[in-house]
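Undergrad: Here it is, the structure in full.
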Amino acid sequence: FSNQHTWYLATLSSVSAKSKAETNPTIPFSKLIYTYNHVIQGFSASLTPAELESLKNSPGYVSSVKDRVVKVDTTHSFEFLDLNSGTGAWPVSSFGKDLIVGVIDTGVWPESESFNDDGMSDVPSRWKGECESGTQFNSSLCNKKLIGARFFNKGLIAHNSNITISMNSTRDTEGHGTHTSTTVAGTYVKDASYFGYAPGTARGMAPMARVAMYKALWEEGAYTTDIIAAIDQAITDGVDVLSMSLGLDGVELYEDPIAIATFAAIEKNIFVSTSAGNEGPDVETLHNGTPWVITVAAGTMDRDFGATLILSNKVSINGLAQYPGNFTSTEFPIVFMDTCSNKTELSKIKQKIIVCQDPGKEDSLDDQFNNIQAAGNIAAVFITNSSSVDVFVQSPFPAIFLVQKDGDTVVDFIKSNTDPKASIVFKKTILGIKPSPRVTSYTSRGPSYSCPLVLKPDIMAPGDSVLAAWPPNIAAARVNQDLVFTNFNLLSGTSMACPHVSGIAALLKAVYPNWSPAAIRSALMTTSDQIDNTGSPIKDIGGNLRPADPLAMGAGHVNPNKALNPGLIYDATVQDYVDLLCGLNFTQQQIKTITKTSSNNCSNPSLDLNYPSFIAFFNDRDAKPNSTTVVEFGRTVTNVGDGSFTYKANVTPINGLKVTVEPDTLVFKTKYEKKSYKLSIEGPKQLHKAVLFGYLTWEDSGKEHVVTSPIVATSYKIEK
C-alpha cells in the first residue's frame, strides 16, 4: 500500500465484506472515522461486533479499545506565584516568548481581549498549524497570539449520526476552553474583574507564548476518538506544550487512549500537563495518573471574595460572598431565624435581612439556601463552618457567609437590641488571606489506578476562584431570575490548576529548550513549596485541615521562580518508560499498543522509574505480627547547576519507618554530571496507618539549591 490510510481502508473494506456475507447483508458499510499518524499506528472506525471480531484476525492487528466519554475537570494567581516583571521566571524566559501551547478543550472566544497580539513578533516559522473556518468562525480571527484553531467531532457524529452540532467550529459555546487557554497564555488586559470582584490586570502564566486551540470537547459530548485526533494534529502542527483539563477514570494505561496518545507526544519532546480530577477528597479518585505526563492538583490562593456586614452599632464583620448584582447600602432590620427551616415563617418576613444558623448536618446548608431563595427577601446571612461553602458563595440573591465566631457576634447583637439593623457592602476582594495555599477538598487524590507505583498527583497549582477570559454571550451567573454576562469569570477546579502548570512549563521550556519533559517536570516538583504563607505545612481542606499528604498535593505547591534553578534534575527517557511497562508485566501486545513498535527492549524491566518522588506499599494483609520488609529505590540525578557542587541528603523522620539514603553525599565536579543513590524504606509488612509521609532533601553546601522529593508509605491496596 502507498500509505497507512489506504491499508486501513482496504482492511476495513474486507472486514465489512466478510461480516456482510456471514451475517446480515443489509449492515451499513464500516465507516473509517480518523486515520492517526502519531498517537497510534491505527485508526478509529464504527464497527459491528462481528466486524470487530473479523478485524482481530486481520494481518497486523495489535489491539482495539472501545471509544469512551471523557470527563472535563471543571488575575491574581501570577502575583500569588510571585511572578513579576523585574526578576525571576518571567524576564528570564522573556515571558514565554515564541513557545506554542496547544490546548485541547471546548474551543475559544477569539475576540477576547486576552488574545490581543499587540507587541508580539511574527508567528514562528516552524509552526505548521492553521486556523480553520467554520460556523461563526473565520480563519482571519486568528492572530500572532491565537495562532491555531481546529475542531474535531467525527467521533461524536459517529456515535449519533442524527446529531445537530450547534457550533460546528472552534468557537467556544461553553466557556471552559476560553478560560483555560487564557490562564495559560492570556495577554495583559487592564481593568478585568468578575462583576467588581478580583479587579486588576488579568494575564496568563506565559503572557508572550502562543496559543493553539484544538476543540474536541462539545456541548453534545466528548469522546476519546476526537481527543486523540486533536493530540495527533497538535503533534503534527508543532506545539511545545499540551494542556488538557480532562481525563478518563479507572482505565489501564494500555486501554487509555489519552495515555497512549500522550506517549507519542513525549517521544516528540512535547511537555504534557493534565488535571487530576475533581472527585476528592476520597483517595484513589485521580485520573491521568500516567507516568509520562504531569498530573496537577488544585489549591487555594491567598485571596477571598466577600462582603462586609455593618451592624447599626457600627461593628463591621467580613464574610464570604460573590453575589454578582448591585446592592443598596441602606440599613434594613435584621432578624435571626435559627435554622431557617420553617418555610411558612420565612415567607411572612418582608424587607429584612434574615440570619440563619447552619446546624452542620449533611445538606443542611443546601436546605437553608433553597428555603431562603424560595421565600425571597432583602438579603441573607448564613452562619456556617461548612467546608462546601464555596458552592454557595456565587449566590443569585444577596448573601454573606460568616464563620461561627463572627455569626455569634451578629446573633448576640440581634438578641440584645430592640431594633437591630444592618447594611451589607458587596464586591470586596481581600488579599493576603492566611493560611494559604491550602489543598481544595474537591481535588482528586492518589494513588494512581493505572500506575500506583508512581506517586500521583505530581504538583499543586492555584485552582480555586481563578479569574480568566470568558465568552460575553454565555451567562456567568444569575441575579435572581436574570442571567448576567461578563468578559471574565471566576471558575474553580483542577481544570483551572492544570493550565497554570502548562504556562509555567512553557516559561521553563523557553529558558531550557533542550530539556526533556521529565527534566521540566522534575524542576517543577523538586522546587515546589510544602510550607504555606504562615510558615506551617500546607493544610488540606478535604482532610479536616490536617497537614496535606503527597497523595493530595503531590510534591507541593508550584514555585515558578525556584524552578528556574533546580540544581539537580531526575531525568527519564522513553526507554525508561518502556522499562517500566516491561516491569508492570504487560504483554508484548499491550506494550506495543503504547509504544507503537514491535522492537521493545525489555532486557531491563523495572518498576522503579527515575522519578522525583517515592511511594511504597506496605499492605501484606497475611503478614505475621511485627514482621518487617524493606522497599528499595534507585535514583540518578543530573547536576544542571553551573560548576561543582557537594550535596548532602536529609530525610524528615517518619514515625514507624526507617529511611536510609546511600550514599548520603553526592559530589559533582561538572555541569550535566550524573550521580546515583539508593533510598531504602524499612517498615512493617502491614502498615497500621493508611498513609505516612516525609521528605528527602538534597542541599548543596553553599545552600543555593534544595532539591525536595516526597516519600509516601501506604497500606492502600489498589483493587482492579
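Every residue number used here counts from 1 along the chain in the order it is shown.
Every residue, even glycine, has its Cβ placed from backbone N, Cα and C.
Copying in the features that TrEMBL gives for the protein in this structure:
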type: DOMAIN; residues: 1-72; note: domain 'Inhibitor I9'
type: DOMAIN; residues: 96-530; note: domain 'Peptidase S8/S53'
type: ACT_SITE; residues: Asp105; note: active site, charge relay system
type: ACT_SITE; residues: His176; note: active site, charge relay system
type: ACT_SITE; residues: Ser495; note: active site, charge relay system
type: DOMAIN; residues: 608-712; note: domain 'Subtilisin-like protease fibronectin type-III'
Undergrad: Where does the mean pLDDT land for the domain 'Subtilisin-like protease fibronectin type-III' (608-712)?
TA: 97
Undergrad: Can you tell me how the residues of the domain 'Subtilisin-like protease fibronectin type-III' (608-712) break down into helix, strand and coil by DSSP?
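TA: DSSP classes over the domain 'Subtilisin-like protease fibronectin type-III' (608-712) add up to 0 helix, 62 strand, 43 coil.
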Undergrad: What Cα-Cα separation, expressed in whole Å, is found between Ser495 (active site, charge relay system) and His176 (active site, charge relay system)?
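TA: With the alpha carbons as reference points, the distance is 8 Å.
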Undergrad: Suppose we draw a 10 Å sphere around the Cβ of Ser495 (active site, charge relay system). How many other Cβ atoms does it contain, all chains included?
TA: 28
Undergrad: Using a Cβ cut-off under 8 Å and a sequence separation of 6 or more, which residues in the same chain sit near Asp105 (active site, charge relay system)?
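TA: Spatial neighbours, sequence-distant, of Asp105 (active site, charge relay system): Asp172, His176, Gly177, Thr180, Ser181, Met213, Tyr214, Lys215, Ala216, Leu217, Met244, Ser245, Leu246.
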Undergrad: What is the three-state DSSP composition of the domain 'Inhibitor I9' (1-72), stated as helix, strand and coil residue counts?
TA: 26 helix, 14 strand, 32 coil
Undergrad: I'd like the Cβ neighbour count for His176 (active site, charge relay system), meaning other Cβ atoms within 10 Å of its Cβ, all protein chains included.
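TA: Its Cβ has 24 other Cβ atoms within 10 Å.
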